[in-house]
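Chemist: Marked as ATP binding site by TrEMBL: Asn197, Thr233, Leu234, Gly235, Ser236, Glu237, Gly238. According to TrEMBL, the K(+) binding site annotation covers Trp267, Lys302, Gly305, Gly307. The feature domain 'Carbohydrate kinase PfkB' is assigned by TrEMBL to 15-263. Taken from TrEMBL, the feature region 'Disordered' applies to 274-332.
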Amino acid sequence: MENMSCGGSCAAVFDVVVVGSCMTDLVSQAPRLPKAGETIHGHKFFIGYGGKGANQCIQAGRLGARTAMVCKVGKDYFGDSYILNFKNNGVSTDFVGQTDKAATGAASIIVNDQGENAIVIVAGANLLLDSEDLRAAAPPITRARVLLCQLEVQPATSLEALRMAHSSGVKTVFNPAPAVPDLDPEFYSNSDVVCCNEPEAELLTGVPVVSLEDAGKAGAVLLGRGCRSVIVTLGSEGCVMMSVQDPTPKHIAGQKVTAVDSTVRSWCGGQLRRGSGVLHGTPPHTASGGDGQKSQSHCSNKREGRGNTGVLPIQEGPPPGALLERDQSPCT
């Protein structure tokens, strides 16, 4: 545990607590992606705040939920800036630790004019989030209405957080991204909702997902492993939802948008907003016609922008945390 303190948040009850990653995005835009060994000219560069966990947490907050982030960043300029970005977005940072043993996680991203990308991720301090940090954050984790985890921190850390929350009666949402084969079965048994995209669903189940019917088949496999509900996101096609209470796949259509950058394509942050079916214990398909549909629409619209939650200006060497508001993606 490094530089974590309750700061009054130990007694607080949050709508959404996210245990996950923070990444500083170093984004270059160019006409095309370079070939191996090739240097090309780009036409824009910016530094943004990314990471699956942080994106989901901030978007849940922007949609009305009271949120807290449990993560680790470096004792460096990017880490200081990220903490201030959380504060600027109303996210509790009492359980955001800083370490001098690794740099803040970073992603080098190249985006071409068609919105396609190539990404290299260095997880850095994210991989140092551990059991001691979770014990320090036990009060908000075990009292939240919803806990959300992914796989950009150590899988054992995510699983421990899911166990803590699930055993305390907290609703748990697991976004298995980036997906890994042979995932510990306890991830499913400790998750009320598993939310994944097509390639993640295929890697986890072995079912190729190229149609709505395929998404339903993959979802059925995931339900059979012990989770209560499954959401398979399908990009521009929306998503397919199913639950133990109603295993019949339900398709929720997405809104058509012009893609600018496919870096971020999931739905978890939007689904977790205050009043959503997940928060109130409603099966996903029941909420989909109202809040679920609105959340999916919001996410689809936001895919017009980049997959981060703010931009750090670099021209003038700004103070830590300075940012320009721009299109803020809710998805990761």
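The backbone N, Cα and C atoms fix where each Cβ goes, glycine too.
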Chemist: Provide the number of Cβ atoms within 10 Å of the Cβ of Ser236 (ATP binding site), excluding the reference atom itself.
Modeler: 13
Chemist: Please compute the mean pLDDT of the model over the domain 'Carbohydrate kinase PfkB' (15-263).
Modeler: 95
Chemist: Check the binding-site residues Gly235, Gly238 for other C-beta atoms within 10 angstroms of each C-beta and report the one with the most.
Modeler: Gly238
Chemist: Taking the Cβ of Thr233 (ATP binding site) as centre, how many other Cβ atoms lie within 10 Å?
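Modeler: 27, counting other Cβ atoms within 10 Å of Thr233 (ATP binding site).
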Chemist: If we count other C-beta atoms within 10 Å, could you say which of the binding-site residues Asn197, Leu234, Glu237 has the fewest?
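Modeler: Looking at the binding-site residues Asn197, Leu234, Glu237, the Cβ with the fewest others within 10 Å is that of Glu237.
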Chemist: Widest Cα span across the ATP binders Asn197, Thr233, Leu234, Gly235, Ser236, Glu237, Gly238, in Å?
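Modeler: Spelled out: the longest distance between any two Cα atoms in Asn197, Thr233, Leu234, Gly235, Ser236, Glu237, Gly238 is 11 Å.
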